[in-house]
Amino acid sequence: MADRHFDLIIIGTGSGNSLITPELADQDIAILERGTFGGTCLNVGCIPTKMYAYPADVITSAQHLDRLGASFPCDPQVRWREIRDRIFAGRIDQIAAGGEQYRRQDPHITVFDGSARFVGPKEIDTGTGATITADQIVVAAGSRVSMLDVDGLREAAPSLGVHTSDSVMRMEELPRRLTVVGGGFVAAEFAHIFDAFGVEVTWLQRSGSLLRKEDDLISGRFTELAAERYDLRLGTQISAAERRDGAWHLTTTGPSGSGEVVADAVLVATGRVPNADQLGLAEVGYRMDGPRLWVDEQQRTSVEGVWALGDISSHWQLKHVANHEARVVAHNLAHPEDLRSSDHRYVPAAVFTHPQIASVGLTERELQAAGRDYVVKVQDYGGTAYGWAMEDQVGVVKLLADPETRLLLGAHLMGYQASNLIQPLIQAMSLGTPVPEMARGQYWIHPAIMEVVENALLGLEL
Ligand SMILES: Cc1cc2nc3c(=O)[nH]c(=O)nc-3n(C[C@H](O)[C@H](O)[C@H](O)COP(=O)(O)OP(=O)(O)OC[C@H]3O[C@@H](n4cnc5c(N)ncnc54)[C@H](O)[C@@H]3O)c2cc1C
Ligand SMILES: NC(=O)c1ccc[n+]([C@@H]2O[C@H](COP(=O)([O-])OP(=O)(O)OC[C@H]3O[C@@H](n4cnc5c(N)ncnc54)[C@H](O)[C@@H]3O)[C@@H](O)[C@H]2O)c1
C-alpha cells in the first residue's frame with residue numbers, strides 16, 4: 001500500500017521540470033529528483049559547455065589573425081577560476097537554485113529528493129522512505145556518463161584527475177596535460193576548449209576517425225584538422241591506467257603497437273547510457289528498446305498513464321529533442337482526447353567545437369546504403385565573398401537532394417557559425433520547401449557568409 005497518491009508524478013527535473021504548464025498547474029504533483037534541479041543541460045551539459053566554448057572560439061579566432069595580416073603579440077592568459085566562477089557561481093547555480101525554490105514553494109507540488117525506483121508498474125519507491133502512486137507518471141530521468149572498462153577509469157574520481165563532463169568544468173585548476181578519450185560530441189567540444197585554454201591535449205579515439213556519425217566528408221575533414229591541432233591518436237585504446245607520482249600513466253594499444261601517455265587529468269567522453277536500468281523499469285514489466293525505455297509516437301510507454309521523454313527514451317540525446325517531447329507530453333497529459341505525436345523527421349545537431357559542425361537529415365553514406373537516388377553539391381566557404389574576407393580554408397557546406405521531389409535530403413556543414421547557417425536548411429526540410437523555391441524565392445543578403453548556403457543550393461543540379 002503506497003503512502004500517498006498524486007495526480008501526476010514527474011521523475012527528473014531536466015526537461016521534466018518544464019512540463020508543468022498552466023493547464024497542469026492545479027494538479028497535485030510530485031517531483032522526484034536525486035541530483036541538482038535543472039538536470040544535465042543546465043548544470044553539466046549544453047549551457048555551461050557553450051559558455052566555455054565561446055571564449056575558446058574567441059581565442060582560436062584571434063590565433064587565425066595572422067592569415068589576415070595582423071596579430072596579437074602575446075599568448076592568451078586564461079583565468080580559469082574567473083571563467084568557471086562566472087559560469088557557475090555567477091549564473092548556472094543561481095538558475096538551478098531559483099528553479100528549485102520556485103517549485104518547492106508551490107502548494108500543489110511535493111518534491112522528493114531521492115533516487116526513485118519502480119516497485120510496481122505505477123508504484124514508485126521515492127528513495128526517501130515513502131512509496132507513491134499517481135494517475136499519470138512522466139519518466140524524464142535522462143542518461144549518465146558511461147565509463148571505461150579499465151581499472152582506475154571505471155569510476156569518475158575528480159580528486160584524482162579522472163573526470164567526466166559532470167566534473168571537468170568545475171576543476172580547481174587547469175591541468176597541464178589532459179587526455180581526452182572518445183571521438184564524439186563531448187570529446188570534440190572539450191578538446192577544443194582545453195586546447196584553446198593552453199592545456200596540452202592528447203586525444204585518444206579507438207576508431208580511425210572522429211565524429212564518425214557525421215557525413216564522411218565532414219568527419220574526414222574534421223579528423224584531418226584535429227590531427228594538425230592536437231596530439232591525436234587514432235585506432236588507439238587504453239589497456240591499463242596507473243596513477244604514479246601525481247600523474248596518470250596510460251598504457252595504450254594502437255596501430256603501431258603499445259605506447260604510453262602521461263597525463264595530469266583524464267576526461268572520459270565515451271558516450272551516455274539511459275538511466276532506465278536504475279529505475280527498475282524492465283523488472284516491473286515495461287517494454288524496453290535496448291537500454292532505453294520504449295515509447296510510441298505520442299511518448300506513451302507500454303504502461304497506460306505512464307509517459308517518457310528525453311534521453312531515457314530517445315536515441316538522439318539532444319536537448320532540443322527532449323524539449324520538443326516535453327511539449328508533446330504536456331499537451332497529451334492535459335488533452336487525452338486529442339493526442340499529439342512527436343515530430344522526429346528532421347532532427348538537427350550541432351557540435352560546438354572548432355570549426356563548428358552542424359547537420360540535419362541523411363548522410364551520403366546512409367543514402368547509398370538505402371539505395372536512394374540523390375544529387376550532391378559541396379560548396380566551400382572560401383568560394384564566397386565573405387569567405388574571402390575571412391581567408392577561410394576549412395568551411396564547407398554539403399547538400400544532398402532528391403532529384404525527383406527536388407527536396408533536401410540532408411545538409412552537413414563545417415565552419416564558422418555552422419550551427420546558425422544550417423537553420424534555413426532545417427526550415428526548408430521541415431516545411432517541405434523545394435530547393436529551387438528556397439534558392440530563388442527570397443533575397444540573400446550580400447555579401448553575408450550565408451551566401452555559401454545560397455550557392456550550395458544553386459549548385460544542386462535539379
Ligand atoms: C557535456 C554535454 C554537453 C551537451 N551539449 C548539448 C548541446 O549543446 N545541445 C544539445 O541539444 N544537447 C546537448 N547535450 C545533451 C543534453 O544535455 C541532453 O540530451 C538533455 O539534457 C537530456 O534531458 P533529459 O531531460 O532527458 O535528462 P536530464 O536533463 O539529464 O534530466 C534527468 C534528471 O533526472 C534525474 N534522475 C535520474 N535518475 C533519477 C532517479 N532514479 N530518481 C530521481 N531522479 C533521477 C537526474 O538527476 C536529472 O536531473 C549535452 C550533454 C552533455 C553531457
Ligand atoms: N552539441 C551537442 O549537441 C552535444 C554536446 C555534447 C554531448 N551531446 C550529447 O551527449 C551524448 C553523449 O556524448 P558523447 O560524446 O559522450 O557520446 P558519443 O556517442 O557522441 O561519442 C562517444 C565516443 O566514445 C567512443 N567510445 C565508446 N565506447 C568506448 C570505449 N569503451 N573506449 C573508447 N572509446 C569509446 C565512441 O567510439 C565515440 O567516438 C551524445 O549522444 C550527444 O547527443 C550533444
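We number each residue from 1, going along the chain as drawn.
From the backbone N, Cα and C atoms, a Cβ is placed for every residue, glycine too.
In TrEMBL this protein carries:
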DOMAIN    6-326  domain 'FAD/NAD(P)-binding'
DISULFID  Cys41-Cys46  disulfide bond
BINDING   Lys50, Asp311  FAD binding site
BINDING   Gly182, Gly183, Gly184, Phe185, Val186, Ala187, Ala188, Glu189, Gly271  NAD(+) binding site
DOMAIN    347-456  domain 'Pyridine nucleotide-disulphide oxidoreductase dimerisation'
ACT_SITE  His446  active site, proton acceptor
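Pairwise Cα distances among Gly182, Gly183, Gly184, Phe185, Val186, Ala187, Ala188, Glu189, Gly271, the recorded NAD(+)-binding residues, top out at 13 Å. Shown in sequence order, Phe190, Leu211, Ala269, Thr270 are the same-chain residues outside Gly182, Gly183, Gly184, Phe185, Val186, Ala187, Ala188, Glu189, Gly271 whose Cβ sits within 8 Å of the Cβ centre of the NAD(+) site. Cα-Cα distance from Lys50 (FAD binding site) to Cys41 (disulfide bond): 10 Å (rounded to the nearest whole number). Ala188 (NAD(+) binding site) is surrounded by 24 other CB atoms, counting those within 10 A of its CB over all protein chains shown.
Every protein chain considered, the tally of other Cβ atoms within 10 Å of the Cβ of Cys46 (disulfide bond) stands at 15. Proximity to ligand 1 (Cβ under 6 Å from any of its atoms) holds for these recorded positions out of Cys41, Gly182, Asp311: Cys41, Asp311. Each residue contributes its Cα atom, and for Val186 (NAD(+) binding site) and His446 (active site, proton acceptor) these two points are 35 Å apart.
Here the domain 'Pyridine nucleotide-disulphide oxidoreductase dimerisation' (347-456) has, by DSSP, the following mix of helix, strand and coil residues: 40 helix, 27 strand, 43 coil. Residue with the densest Cβ environment among the binding-site residues Gly182, Gly184, Gly271: Gly182, by other Cβ atoms within 10 Å.
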